[in-house]
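Heads up, the thing below is written out as structure tokens.
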Amino acid sequence: RENFIHLCNPHLEKMKEDILYHFALGTGTHDFPTLFGDVKFVCVGGSPSRMKAFIAYIAEELGLGSPGRDYPNICAGTDRYAMYKVGPVLSVSHGMGIPSISIMLHELIKLLYHAKCSDITIIRIGTSGGIGLEPGSVVITRQSVDATFKPQLEQVVLGKTVIRSTNLDEQLAKELMQCSKEIGQFNTVIGNTMCTLDFYEGQGRLDGAICLYDEEEKLQYLKNAYESGVRNIEMESSVFAAMCNLSGVKAAVVCVTLLNRLEGDQISSSHDVLVEYQQRPQKLVGYFIKKSLGKV
């Protein structure tokens, strides 16, 4: 059973029903194996609209959908997260920041377990700030690091600090990199991703409501990050990597960079350019899924 979801919680076996509150789903009200048992790929991202767009895109890529077709939100009973499915692909929004994606992942992992899914690959697709890269570059994460560049997640459980590994699947990263080379449409690198608790001070920006450091200090910090192997910054990858590791799930993070933080703090590209940038992780992961299913 190595390829099945592993739950690090013996208490769940004693429960008559498991209510996934933030998904508005439950084992007493929904047949998880029937609804989700064929899922092999799960793509997660911050925005509900982006994840709906992704499911429409992958449906057409796999020949399972048609232009203009609507895909119902499986989590329509709640406004916390959105979930869409077509064939073996599940697309789920996770909101912004570690707390939001953590809640979603607890319930997603339980959903996949209750559905008896096997050989699952979970990929986070999103946006980020780049360091030393041209805007529009795609970063495949080697390992997520914290704001001190350590590859770990610190979490307080029952008043005690627990440290968890944030490495991601090396082979999966290499396969995604190969897919990008085959597509040949945009610059892609494998590098470390810094995961922060904040968008402004936590990422060394000068444009927040509070900033008690100067530009020289900010640039030195970002250069130190680059020298340590960091190529982009976002706010979800550490807990994503840690929870997937504990659950025995192959996982990857694929984010496009919207700006080079060594050159500024504010995103100034036009709306149309940003839309095209945000489609790049979708194209890469979509190609990976097609290739994995023998449809390339």
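Placed from the backbone N, Cα and C atoms, the Cβ positions cover glycine too.
When Cβ atoms from all protein chains are considered, those within 10 Å of Gly126 (phosphate binding site) total 23, not counting its own. The phosphate binding site annotation in TrEMBL covers Arg80, Arg124, Ile125, Gly126, Thr127.
The substrate binding site annotation in TrEMBL covers Gln203, Arg205. The Cβ of Gln203 (substrate binding site) lies under 8 Å from the Cβ of Gly129, Thr196, Ile233, Arg261, each of which sits 6+ residues away along the same chain.
TrEMBL lists 40-289 with the feature domain 'Nucleoside phosphorylase'. Confidence for the domain 'Nucleoside phosphorylase' (40-289), expressed as mean pLDDT, is 97.
Rounded to a whole number, the C-alpha distance linking Arg124 (phosphate binding site) with Arg205 (substrate binding site) is 24 angstrom. In terms of C-alpha distance, the listed binding-site residues Ile125, Gly126, Thr127 place Thr127 closest to Arg205 (substrate binding site).
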